[in-house]
Amino acid sequence: MQGDESLQIFVGPEGDCLPLMERGTCKLEDSHQWDCVLVADLQTQKNELQVQRQKQFLEKLKSKGFHFKIIKDQKKVFFGIRADSRIFDLYRTLLMKPEDPGPRAKLSNVNSIPVTTRIRIVSFVVNNKEKPGDTFEDLVKDGVFETMFPLHEVRGDKLKMGLRVGTRGGKPSSHGLSSVTQGEKELKRKWARWRNMFRKQPIDDIRNYFGEKVALYFAWLGWYTYMLVPAAVVGLIIFLSGFALFNSSQISKEICAAEDIFMCPLGENSHNYQRLSGLCAFAKLTHLFDNDGTVVFAIFMALWATVFLEIWKRQRARVVLHWDLYGWDKEEEEMALQLINCPDYQLKTHHHSYLSSTIILILSLFMICFMIGLTHALVVYRVMAAALFGSIMEHQVTTVVVVTGAVVHYVIIVIMTKVNKYVALKLCSFEDPRTFSERESKFTVKFFILQFFAHFSSLIYIAFILGSGCMMDLFIQMAIIMGLKQTLSNCIEYLHPWLAHKYRLIRAYKHGIESKDPDLEEWQRNYRMNPVNTFSLFDEFMEMMIQYGFTTIFVAAFPLAPLLALFSNLVEIRLDAIKMVRLQRRLIPRKANDIGTWLQVLETIGVLAVIANGMVIAFTSEFIPRIVYKYHYGPCAQNRNFTADCLEGYVNHSLSIFYTKHFQDHGKMGSQENVTVCRYRDYRNDRDYNLSEQFWFILAIRLAFVILFEHVALCIKLIAAWFVPDVPQSVKNKVLEDKYQILREKMWYGCSGSFGWGLVYVWGQ
């Protein structure tokens, strides 16, 4: 076949190997390393139109410098693809710096191209479009191809550690593959195993195999997990301190001894009075996390969130400097890939449409209102469940309603996650972002906002709308939702790909025939692994952002949240590692020098945490009413010589009086005693049941506390951010020294002829 002949696709008898490529150029059949593999169903070869579209697509890739090897098995057709070295020479030329190991690498290393870079460039060219309707995604939708994936590195026992991944002038080089294959083996041995749960992650090896984006995710997740240790310890101490005061709390003592105080019935369907002493256990449990230590822990977590982010920025700076990516330009990289794909590429400039922004804003607000409506549906459920369970278990009805409501909320979260992703994608498509990175950033913001309301709207309702004294309800809600997400979701996240992979292997071994072609065997092995997509890493990030929100935003009501997050992350790191290395196809490597928009999401969560925790302490807990009573209404305020507990009499002060004769169905009230007065939690007078003077005074103190708490916490955050610089001085000095050395090299070695010697002569004078 001559070099200028067009490529033809033939499918012979089953098991045939068809190395269809330009035999007049470079002979590549002997190499076992391919950049990616396309897969098509064997049935497509019976459709002339689909075969023609396959041929046109491959011809287009061939014209760009790609080589192919086509093999089929009983059901599939595999297209191995490898790019010519000219593509990577162009990549280096456009970016004006060698790729490996860094921007200032020596000339002897310019021919070395990392596998991750090869895969990234090839994947971009294959997937990117020159005109609408001819992308690989369009061909997949039309059934022309089934999928595309890069290969996990080949097995050393099947190959002889053959050829280098790059070619030069049509001749493959003979170095590099062995070390990369050894890298995969090392990842399986010391990273993707449950037994290595407490071992340090090999971030450099992850970067060399999966690219910088994945490596930065695991570097961030590892640092987040490490920083959870002090937060978990402090939260556990705060929680256990409640046990130390379990039986010594003055409020709990008064509640347990209140045999003569009857609480008013809750709801229209309840007609029985309950003795206040019956809430003894509930009061003691509430005191475990609604105590004076709650305020201290909330301020600590505000400081912790700031220190965590600031030190992470320093860690990131060290890592990307080590990778020689400190000054890497994302936009320059994307433009270079576009020019490699299409030399006639026209720059797509930034644009903004007020009309499209207004439409997106309206649609986003509609979705937010819809999720707030779901919260109201949960309120309706609580009322109906209270009526249903009230006749069955009257004394435990509140706990049952809260628990079942939390489970229903979790189910809503699972459903709305899929809906929110679909809506966010549609909104991004309508906005028409300029590049993939811009699209990813906009999608991240929209999806996170929708997910935030899906996860936290119910908690906001319980904390700030349901009323004061609902810390126990908020604690139960958070414990159940977070517990289910950290246990059930993680189990599904691991078992689903594991079972799917086993099922694929069983089907393949049951119906397949052992291949004698090592390439086909490797392609089949990779094909049987679970598919990945653009959102595979994105979903992991989103899962961690939501967990970070639970760990910080309402942590005042749930001090055990950091401890649960710590245990969950220790499992999550190895779970993700096992999925990526052993169960899933290889992710397309992405280059990056930070975690992108997720950093802004983390900073936003930190600010929201300060506001939310301040409001939880002020409006949900009993902290402010206790303080006001202690220093304004209580016995210590009236008598400075009072030696007993300053909260003595607080329970009676915090309960309002209601005369039972004012019940509309007073005759239906069931009671063994003649109850003329019942009590309820509020600050109202007993004449017309209007809000009392104490209510307005305490409300003013609550508002003042929120303002003071938020300003103090935000000031602490700002001081901590100033005190801990984003970039270490060692990194700044290294970057400065590199710039200085480059200028000196240009001055002494970049000057030519007599001009350079002239500089020496002049300065020598």
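Backbone N, Cα and C define each Cβ position, glycine as well.
Source: prediction; values computed, not measured.
Record features, source TrEMBL:
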DOMAIN    116-203  domain 'Anoctamin dimerisation'
DOMAIN    206-735  domain 'Anoctamin transmembrane'
TRANSMEM  214-240  transmembrane segment
TRANSMEM  294-312  transmembrane segment
TRANSMEM  358-384  transmembrane segment
TRANSMEM  396-416  transmembrane segment
TRANSMEM  447-466  transmembrane segment
TRANSMEM  545-571  transmembrane segment
TRANSMEM  592-619  transmembrane segment
Please figure out which one of 214-240, 294-312, 396-416, 545-571, 592-619 racks up the most CB pairs under 8 Å against the transmembrane segment (447-466). 545-571
Can you tell me which parts of the same chain pack against the transmembrane segment (592-619), counting only residues 6+ beyond its ends and a CB-CB cutoff under 8 A? 211-213, 216-217, 220, 294-295, 298, 301-302, 305-306, 309, 313, 316, 320, 323, 325-326, 328, 330, 437, 440-441, 444-445, 448, 463-464, 468, 471, 474, 541, 545, 548-549, 552-557, 702-703, 705-706, 709-710, 713-714, 717
Same-chain residue ranges lying at least 6 outside the transmembrane segment (396-416) that approach it to Cβ under 8 Å: 266, 371, 374, 378, 381-382, 385-386, 389-390, 450, 454-455, 458, 473, 476-477, 480-481, 484-485
